Amino acid sequence: MQKYISEARLLLALAIPVILAQIAQTAMGFVDTVMAGGYSATDMAAVAIGTSIWLPAILFGHGLLLALTPVIAQLNGSGRRERIAHQVRQGFWLAGFVSVLIMLVLWNAGYIIRSMENIDPALADKAVGYLRALLWGAPGYLFFQVARNQCEGLAKTKPGMVMGFIGLLVNIPVNYIFIYGHFGMPELGGVGCGVATAAVYWVMFLAMVSYIKRARSMRDIRNEKGTAKPDPAVMKRLIQLGLPIALALFFEVTLFAVVALLVSPLGIVDVAGHQIALNFSSLMFVLPMSLAAAVTIRVGYRLGQGSTLDAQTAARTGLMVGVCMATLTAIFTVSLREQIALLYNDNPEVVTLAAHLMLLAAVYQISDSIQVIGSGILRGYKDTRSIFYITFTAYWVLGLPSGYILALTDLVVKPMGPAGFWIGFIIGLTSAAIMMMLRMRFLQRLPSVIILQRASR
């Protein structure tokens, strides 16, 4: 029992800074929305539309680079720290190549925006302008993620938290300058949010690099002088590990976007209630997601040390802590669902629907926690392909079709509206949790030699 308590302390010490970093990132988006809304409703809508396109694109790159964390954790655990710098250099090359592709997609996103039904031309122009300003931040964001993954792979999660809050503090005044045109800068409205956010990502990257160069704990990990050439073998391995994670993230984000589109014809009350419940459950999701990042680090580190039993302990502890957290958040959600809904809106119909949907959200808290921590465990074992297959099957083959049938058809029951989609979420997330656990058990029952061989690839 003592080993589980010790492991839980280590996991929480790693996870809490990740939680705070995620809060800072979420707050940046909130600040952009509020400050753009203070300028005009059109600018706020433009930022919202632009963000809905930016997020799937940048999260694809983010997911691709998540492969670095278990690789570095495993090298650190095995005492092969001299190889870490080379992995990081190749991570920067990969981030550079991916950012070019993302920038090309975002530059041409105007075709998607202008094809939206009945969109106001002025709104479309502002959304395109916002994206074309923001896209210059894509390299900065991805380079920052490489540096952050280096730190997190070495079990240093506090730097990412600190840089997140530095970014938030810089974002507010820079937003003000470019939205309203102060200190000789042009008045750009919502487009100014894109300029500010792009600048902030570069500031965060440069601040993180400055920290890494000065950190005593990383003195033995230094990039060699001059520009290192791309190493096709290392980059291929990073892509093999990272692409399934990237695709899983992409399909997860697009799933919620598709559901939002399917709910939109149902009316203002249904859309508002759905959005409130989804926004709140997304905030609660930060807890297990951050714990999953910590579990990846611990499992990778233990496998690097050559201890499959300690890796199992880290995995089991992560799941136990995650279930405890999810139970508390579910109780919190059920107890205060109406008060929470009132923070967003005071329309009685909207509050009633949102509170009802939050009950369904509370039902899947534990499943959601298990599936996301299970994903973190599999990343630690470098078993990333199964993450994609499980996620795609659970969300797109089981969750979305069942949600659609319940919400919009009378094949099973009378059309349930948004609640049908939320039952679909429960089906999808529970299926994902079961499949993640089955895959984890399969891996852990393999001979230790095979587990360590797979982890050292």
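Our numbering is plain: 1 for the first residue shown, then up by one each step along the chain.
Even glycines carry a Cβ here, placed using N, Cα and C.
These come from Swiss-Prot:
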TRANSMEM  11-31  transmembrane segment
TRANSMEM  53-73  transmembrane segment
TRANSMEM  93-113  transmembrane segment
TRANSMEM  127-147  transmembrane segment
TRANSMEM  160-180  transmembrane segment
TRANSMEM  189-209  transmembrane segment
TRANSMEM  243-263  transmembrane segment
TRANSMEM  276-296  transmembrane segment
TRANSMEM  314-334  transmembrane segment
TRANSMEM  350-370  transmembrane segment
TRANSMEM  387-407  transmembrane segment
TRANSMEM  418-438  transmembrane segment
Contact set, same chain, for the transmembrane segment (160-180): CB under 8 Å, 6 or more residues outside the stretch: 17-18, 20-25, 27-28, 31-32, 35-36, 39, 43, 144, 148, 151-152, 186-193, 195-197, 199-201, 203-204, 207-208, 211
Recorded stretch that, among 93-113, 189-209, 314-334, has the most CB pairs under 8 Å to the transmembrane segment (11-31): 314-334
Proximity verdict for the transmembrane segment (350-370) and the transmembrane segment (387-407), three or more C-beta pairs under 8 Å: no
Cβ-Cβ under 8 Å with the transmembrane segment (243-263): same-chain residues at least 6 beyond its ends: 52, 55-56, 59-64, 66-67, 270-271, 274-275, 278, 375, 379, 384-389, 391-392, 395-396, 399-400, 403-404, 407-408, 417-418, 421
Proximity verdict for the transmembrane segment (276-296) and the transmembrane segment (189-209), three or more C-beta pairs under 8 Å: no
